[in-house]
Amino acid sequence: MGIKGLMKLLQEEAPSCIKEVEKMSALAGHAVAIDASMALYQFLIAIRSADGGGPSQALTNADGEVTSHLQGMFSRTIRMMENGLKPVYVFDGKPPVMKSGELAKRSDRRQEAQKALEEATEKGNAEDIDRFNKRLVRATPQHNEDCKELLRLMGVPHITAPCEAEASCAALAKGGRVYAAGTEDMDALTFGVPVLYRRLTVSPAKKIPILEIRLERALQELEMTHEQFVDLCILCGCDYCDSIRGVGPKKAYAGIKEHKSIENFLEVLQKNKSKGVVIPDEWLGENPIYKNAREMFIKPEVVDAKETEIKWRDPQETELVDFLVKKHGFQEDRVLSAITRLKKSKSTQSQKRLDSFFTVMPSANGAKKRKAPAAKGGKKAATAKKGKK
């Protein structure tokens, strides 16, 4: 889920923290920790085929095994490396106990989608079948293992986080091992990543720019410390606890900006008995849940940035061909062509970063505030939220 409404809030209240990167090559030379679970979900959703105008299905080999995740990981990783990026994939570890409630909700939503899919199939509505099929997509442990093996053979480093992938992405960036994190999850900022890239793994056919979001600039414009920003994110709505009914991102922002903490803001809400505001019982008492959520963001379980090995190696060509062609049914000529591109990309990775490709978001509210435009392509351009873990 990430943080509800945070992107829109930043576009309105801290627009200068967001930049559009029109060309991926502008990021050349940077190592980026990529949320692998999010990327896998994107590939499973986006890389599909439709026969005869019917509903789309994930790509499969002759044995009926899904290969969308491998196709996406292979092609998009090579594209990043050809543009000079140095990707480091970070996979999810065990889900935190506090996320059990959110995971249960996702399970319920999948059950609802399954029922809706059955009804749509009965009616033969291809559009609805496609829509509900995508809601049922999730990356399996086997998908993860397939991609880890693929990355190993490509010579691309990958890490399995002890817990949340985006938290370890942030830790690697804060520890100076990578420049930024690449994920659609806005809670990477809550975990403290200095620079966040969104849309890195989106298909180039969509022709939408990468978004760069800088945390320090966001905090400056919001006039908040990172601790206050964490409280804001919890109030907006996160994976670790239910939010307060009647308190959306704007009210949360105003509340934290004025009262500096959730504790102080809650005291005011209770005192004023604000209309339409319902504070969950778990937010009250001696051990309110928001304190545990705060701890999850400020002291997450992450990889040791200093001790983690990150090394890019030469691809193992023969083994890579065997894995993709013989085991997973890829076309050999295409795989060989892609391997040639992969090998050539090694020289590109040392290319200097080209700041001239950056485009500052346009002004909206004069000198004080510059409002960022809505995402191109509307909802279809925005990357779907994962059904991970």
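Any Cβ shown, glycine's included, is placed from N, Cα and C.
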Of 287-295, 305-313, 314-322, 350-358, the range Swiss-Prot tags as region 'Interaction with PCNA' is 350-358
Site-mate of Asp92, Glu164, Glu166 for Mg(2+) 1 in Swiss-Prot, selected among Asp35, Asp146 | Asp35
Which of these, Asp231, Asp239, does Swiss-Prot list as part of the Mg(2+) 2 site with Asp185, Asp187?
-> Asp239
Between Arg76 (DNA binding site) and Asp35 (Mg(2+) 1 binding site), the C-alpha gap once rounded to whole angstrom | 14
Would you mind listing, in sequence order, the residues at least six apart from Glu166 (Mg(2+) 1 binding site) in the same chain with a Cβ closer than 8 Å to its Cβ?
-> Asp35, Met38, Val90, Ala181, Thr183, Asp185, Asp187, Ala188, Phe191, Val193
As a whole number of Å, the Cα atom of Asp239 (DNA binding site) is distant from the Cα atom of Glu164 (Mg(2+) 1 binding site) by 11
Local Cβ density at Glu164 (Mg(2+) 1 binding site) - other Cβ atoms counted within 10 Å = 30
In three-state DSSP terms, Asp92 (Mg(2+) 1 binding site) is classed as coil
